[in-house]
2 protein chains.
Amino acid sequence: MGDAFDAVTDRARSRVDPDPTERERLGAVAETLIARAETAVEELPVSADVLQVGSTARNTWTSGNRDIDVFVRFPPKLSREQLERYGLRVGWEVLPDGREEFAEHPYVTGERSGFGVDIVPCFAVESAGAIQSAVDRTPFHTEYVATRLDSETAGAVRLAKGFLRGIGAYGSDLRTRGFSGYLTELLVLEYGCFRSLIESVAEWKLPVTIDPEGHGERSFDAPLVVIDPTDPERNVAAVCSERNVARLIHHARAFQDDPTVDRFVPDDPEPLSQEAMRAQLSDRETTPVAVRFDAPDLVDDQLYPQLDRSLRGLRDELDRRGFDPLRATTVANDHAVLFVECEVPARPAVERHVGPPVDAGEHASSFYEKYADSDAYGPFIDGNRYVVERSRERTSVRSVLEEQLFSIALGVDIEDALNENYEIMIGPRTATLAEEFGTEFARYFDPKP
Amino acid sequence: MGDAFDAVTDRARSRVDPDPTERERLGAVAETLIARAETAVEELPVSADVLQVGSTARNTWTSGNRDIDVFVRFPPKLSREQLERYGLRVGWEVLPDGREEFAEHPYVTGERSGFGVDIVPCFAVESAGAIQSAVDRTPFHTEYVATRLDSETAGAVRLAKGFLRGIGAYGSDLRTRGFSGYLTELLVLEYGCFRSLIESVAEWKLPVTIDPEGHGERSFDAPLVVIDPTDPERNVAAVCSERNVARLIHHARAFQDDPTVDRFVPDDPEPLSQEAMRAQLSDRETTPVAVRFDAPDLVDDQLYPQLDRSLRGLRDELDRRGFDPLRATTVANDHAVLFVECEVPARPAVERHVGPPVDAGEHASSFYEKYADSDAYGPFIDGNRYVVERSRERTSVRSVLEEQLFSIALGVDIEDALNENYEIMIGPRTATLAEEFGTEFARYFDPKP
């Protein structure tokens with residue numbers, strides 16, 4: 001470490017830090033937006049305060065990732081319906097050319113001078129523990145972080161975000177299941193600087209619990225637990241997958257051993273060609289299977305959990321049937337694909353079925369009688385148990401896919417999509433998927449930590 | 001039960017009980033043999049007593065199974081070499097046309113008036129616990145049983161032996177690993193009659209411990225423990241396989257439910273033809289493999305344990321390599337065969353290899369470094385662990401058989417035999433084994449309890 005570490009992080013800073021011009025422009029735009037929002041609030045029959053939240057309010061935004069989040073905070077005694085109506089009214093005043101979107105509430109989103117802008121209504125609750133909707137928490141987070149970060153630690157947060165983005169673990173959306181901005185900020189506050197963050201994470205033994213305010217009251221079953229300083233009941237890292245926590249440890253250790261600026265640059269492989277994918281499958285001698293269908297029209301936070309669940313359902317079924325899945329993935333754009341690479345394409349017509357111990361009385365007798373006059377081989381006795389070899393329900397991966405796809409636990413919208421239409425691919429034919437998903441399969445066949 | 005049970009056992013008795021003529025002739029022959037042995041003993045420079053032992057001495061021999069065992073019991077202070085010399089001298093006097101065999105000691109065996117005769121020397125030890133050689137126990141067993149059996153219980157022993165023979169579980173040789181004559185006698189003494197034996201065994205919950213003299217001192221790890229009434233340190237059922245104990249339970253329960261004389265008749269199926277075996281294999285869709293070689297010239301008690309060990313070695317290796325053995329058997333006459341039916345003929349060129357958790361410090365780093373620049377896919381991270389897909393050493397059952405047979409744990413004499421020559425068969429070609437082993441494969445493809 002030492003010079004190399006500093007030299008590399010200096011170079012990384014120049015990638016992630018917004019330049020002074022960008023900063024000044026953002027400040028000026030935010031000021032104008034807030035002023036317009038405050039004017040709009042004055043026209044309402046209720047009082048409300050207007051505040052800037054999010055990374056641009058905390059000086060922790062990284063170059064190019066610059067959304068201005070303006071929250072309009074209403075008294076908690078308002079009904080949800082009133083809040084939404086007033087919130088939208090302010091939103092349209094500030095962004096007359098914006099559009100309405102929906103998260104926890106409907107809100108207005110748009111653009112000003114090249115910056116993305118959201119105007120979001122929330123309730124002015126007493127504390128983050130008393131929220132009425134998820135967004136009510138945000139002002140508490142902003143206040144907590146803003147009062148504790150200085151320009152040096154804010155710089156460390158930007159570096160940490162750049163690092164997490166580089167390794168593909170930044171973002172608490174349900175596709176990434178990585179580290180949110182707030183979580184990154186809390187980690188930097190915990191360890192003080194980027195170097196100390198890297199050194200500490202490299203030594204993490206999971207599960208890791210961090211409780212900045214020492215007020216945690218319950219335990220969480222998660223590899224990483226960061227108790228929200230504004231709400232003792234909440235794990236800020238709840239959405240983080242075990243894999244991403246492990247990946248951060250790996251990359252922290254690797255960066256410590258050999259600091260390079262590459263680790264701040266997302267991996268962007270050349271798309272795999274169909275021929276290359278066919279060659280990979282042929283080298284590996286596996287049995288790949290895929291189900292391809294029109295991706296249901298859902299936001300990523302709804303789509304990916306359903307794809308993951310469907311993939312798990314398919315993989316588990318192939319496993320249960322003895323086709324030994326080796327690896328699997330799901331990919332999506334206009335189409336979505338469940339892809340499983342099996343080790344075994346087929347099993348025999350018979351399967352061993354182990355019954356009860358012969359000395360298990362009634363249970364044993366009825367097993368024997370059930371099979372004595374059946375087509376099964378046996379019952380015979382192995383060790384102290386009855387055993388039969390009965391005919392196997394599914395002898396090939398093909399029959400699982402062709403005959404029982406809909407008996408598998410799929411996401412509900414995925415099932416609907418399959419009801420519309422789908423295509424089953426088995427073996428080398430799956431290589432045609434590289435045409436649409438070359439980058440994804442390039443990653444699949446060159447898997448990295 | 002009731003009438004059917006009695007009717008069937010009456011018919012079975014007529015199969016197993018020697019008729020009066022056979023009995024008388026045996027008595028006369030035994031008397032002559034003993035007299036001649038006593039005369040021969042008088043010529044020796046040491047004293048010894050002569051006694052008849054075994055089932056013919058206990059009235060528990062079944063029709064057609066009639067060996068006369070004459071023991072010559074020498075003082076224990078004799079050296080083993082003296083015992084053997086004197087023993088053989090008596091043996092040759094009694095059976096001048098006999099031949100020498102070797103078990104615990106050399107002894108003379110031959111034939112008289114259609115009866116098999118053994119003249120065996122042993123030491124006249126104080127008690128069965130103080131034996132100098134295994135055969136020294138036999139006189140104690142004979143005395144214990146002979147003084148406790150009456151003609152009715154002796155009849156029950158003969159029935160029990162007939163039953164065990166019918167189900168193929170009679171004999172303590174290491175091919176059968178079943179019930180010895182002495183063990184059968186002790187079980188009948190324990191339960192009093194054949195019906196009670198059947199009823200009790202049908203209810204056995206393993207492990208079962210029987211200690212007729214209530215003098216057992218240590219515990220035995222066995223499904224059936226019958227403490228030798230003449231030696232508290234010995235389990236008379238030690239050689240009994242779990243499978244044969246379970247089989248006895250099964251057949252006792254089945255006989256109770258439906259008494260038929262068939263159960264006293266050994267199963268003797270029609271030999272399977274090559275065509276029928278080929279059809280079986282094709283129906284089952286398995287991948288059979290066989291190693292065929294000249295059977296080493298050993299007695300069954302040495303051959304079968306070695307065949308069993310070799311089969312286990314082969315089966316375990318095929319299992320370890322992922323070819324999922326479904327069932328296996330070993331058969332022998334002039335040739336011997338190790339036969340394993342696999343579910344999976346081949347696996348992919350890659351195999352998943354799971355490494356340590358990423359947070360396992362040095363251990364994790366060195367795993368990562370070991371594979372980072374290798375040909376393996378990965379390392380990547382699954383859950384919290386490093387994983388690689390490395391190339392598989394053996395991708396087919398054929399390569400296990402052709403390339404590593406001698407690295408498998410085989411019996412020592414089997415390894416020698418394979419060094420002479422052997423033949424590997426894979427797939428339908430194994431059906432040619434039916435030519436030599438049609439009966440054995442008839443049983444294999446119609447397995448019964």
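The backbone N, Cα and C atoms fix where each Cβ goes, and this holds for glycine too.
Whatever TrEMBL says is automated annotation, not expert-curated.
Taken verbatim from TrEMBL:
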{"type": "REGION", "residues": "A:1-23", "note": "region 'Disordered'"}
{"type": "COMPBIAS", "residues": "A:8-23", "note": "compositional bias 'Basic and acidic residues'"}
{"type": "DOMAIN", "residues": "A:37-141", "note": "domain 'Polymerase nucleotidyl transferase'"}
{"type": "BINDING", "residues": "A:SER55, A:ARG58, A:HIS141, A:LYS161, A:TYR170", "note": "CTP binding site"}
{"type": "BINDING", "residues": "A:SER55, A:ARG58, A:HIS141, A:LYS161, A:TYR170", "note": "ATP binding site"}
{"type": "BINDING", "residues": "A:ASP67, A:ASP69, A:ASP118", "note": "Mg(2+) binding site"}
{"type": "DOMAIN", "residues": "A:157-264", "note": "domain 'tRNA nucleotidyltransferase substrate binding'"}
{"type": "DOMAIN", "residues": "A:284-427", "note": "domain 'CCA-adding enzyme C-terminal'"}
Checklist entry - To which of the binding-site residues A:ASP67, A:ASP69 does the lowest count of other Cβ atoms within 10 Å belong? => result A:ASP67
Checklist entry - Hey, how far is A:ASP69 (Mg(2+) binding site) from A:LYS161 (CTP binding site), Cα to Cα, in Å? => result 18
Checklist entry - Which chain neighbours of the Mg(2+) site, leaving out A:ASP67, A:ASP69, A:ASP118, have a Cβ atom within 8 Å of the mean position of the site's Cβ atoms? => result A:VAL53, A:GLY54, A:THR56, A:ILE68, A:VAL70, A:THR109, A:GLY116, A:VAL117, A:VAL120
Checklist entry - Between A:SER55 (CTP binding site) and A:ASP67 (Mg(2+) binding site), how far is it from one CA atom to the other, in Å? => result 8
Next on the checklist: Return the residues near A:TYR170 (CTP binding site) by Cβ distance under 8 Å, restricted to its own chain and a separation of at least 6 in sequence.
Outcome noted: A:LYS161, A:LEU164, A:THR176, A:GLY178, A:PHE179, A:THR184
Checklist outcome for this item: Close in space but at least six residues away in sequence, with Cβ under 8 Å from that of A:HIS141 (CTP binding site), the same-chain residues are A:VAL53, A:ALA128, A:TYR182, A:THR230
Checklist entry - How long is the line from the C-alpha of A:ARG58 (CTP binding site) to the C-alpha of A:ASP67 (Mg(2+) binding site), rounded to the nearest angstrom? => result 12
Checklist entry - In Å, how long is the longest CA to CA span across A:SER55, A:ARG58, A:HIS141, A:LYS161, A:TYR170, which the record gives as the ATP binders? => result 18
Checklist entry - Per DSSP, what is the residue count of the domain 'CCA-adding enzyme C-terminal' (A:284-427) in each of helix, strand and coil? => result 55 helix, 52 strand, 37 coil
Checklist outcome for this item: Other C-beta atoms within 10 angstroms of the C-beta of A:ASP118 (Mg(2+) binding site) total 20
